[in-house]
């Protein structure tokens, strides 16, 4: 039996004694299912050599340094982003705000992920070190509970197995430290929380051949060092998993199965793309934003390929693609099962997915609205090693052609001004919508910012035209689709470079790729 599981079992009774006055409360309450709702990584069009730097070398945020406040500054107060708006623009220009803000458009001076309204930062314990946007830094501890008794019922944030006791689990309540954890019968824990626990365990089971038993058991059962230390970095990983899952609307887990757990990544989570003022001004007059009846005024060389729209006789997707992009890209179509038909896939050819809008006369359940409906797969942000940093792995099986997630962040222009003071290695270029724009996820992004490079990738970026209403501006999107079946525990990866860019070349400064053991590719530096 491992030391991790021994420690777990020995501490159960002690934890129960500390929390006996309240541990049976809130066992059926879990995170709300808010919605089910994401890097053609290519070299940036900027002029300096820094733009060509391989992403593997990007610096990991230093969690020992003070992080940004969740409350903003007098100069740039933070207003909570309304993700139900069709368009969100980040700009401090008050005149611009008055001109463009409407029931469909929100203008905010600065964006930073916010702590959910129903999660109050209470208690005498506070996290030492960096603050993480959208993550509480204060929690209730044992002293608070003993002094004040039960403080509300709360939400069960996570559950952990107890070794050799399958009928029991340790539960962690939202807004409380690990020192207030207690055991509970698994039957009393909600089915949603049990599903998340099972998802995690299936993922960990796939790692048994490559990861030591003690490290896997530490993740499953915890150990004395973790259970007795609220400041242990393990708990920051747990908070990121919980609150980013709430923000995204689908399961996201953060893991570091190393002897020494490294500081987790620090950024503001957003489930949608936002514009800078300059990017919005570049994009607003793009032809893609025209209604279909306006496009019909120009000559359309209509494609006769059938879509899987619920209303095939009224679907205008192919005609819209022909009017906007016909001679510039290959159109990829969904199949009836919602998977993308990749028969004509060629990594060297520009590509675009066209989704239905209200002009097609179909419902939100139309198979041709996958990204629009927020289809996502459960994912793990996994620390691979010092070279690659954090990558993305599948927490559930993914089928070839399936939408995995989308690449979210702030849409910038490629101007030097918009590049100032940010890491452009997190930029995803938009080649079809506008070559003047990129989606940047250096400080604001979603789980897709962790996609690693592979010379033989398992996924691909597809620019995706998607809007529900013809009255809305099209927000440029990049969908991430599986190029092959991906098993639980396998990496979700894309290729940052074209094949020719990965060949060894004389007179060019290059380094070995390192995407896998034995990789023979070379990367320009």
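Note that Cβ sites are derived from N, Cα and C of the backbone, with glycine treated the same way.
On a predicted model such as this, the values are computed, not experimentally measured, just so you know.
Going by TrEMBL, these are the annotated features:
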type: COMPBIAS; residues: 1-11; note: compositional bias 'Polar residues'
type: COMPBIAS; residues: 62-72; note: compositional bias 'Polar residues'
type: DOMAIN; residues: 301-374; note: domain 'Pre-SET'
type: DOMAIN; residues: 376-497; note: domain 'SET'
type: REGION; residues: 1-76; note: region 'Disordered'
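Helix, strand and coil counts from DSSP across the domain 'Pre-SET' (301-374) read 12 helix, 9 strand, 53 coil. With DSSP classes pooled into helix, strand and coil, the tally for the domain 'SET' (376-497) is 11 helix, 50 strand, 61 coil. The average pLDDT for the domain 'Pre-SET' (301-374) in the predicted structure is 92.
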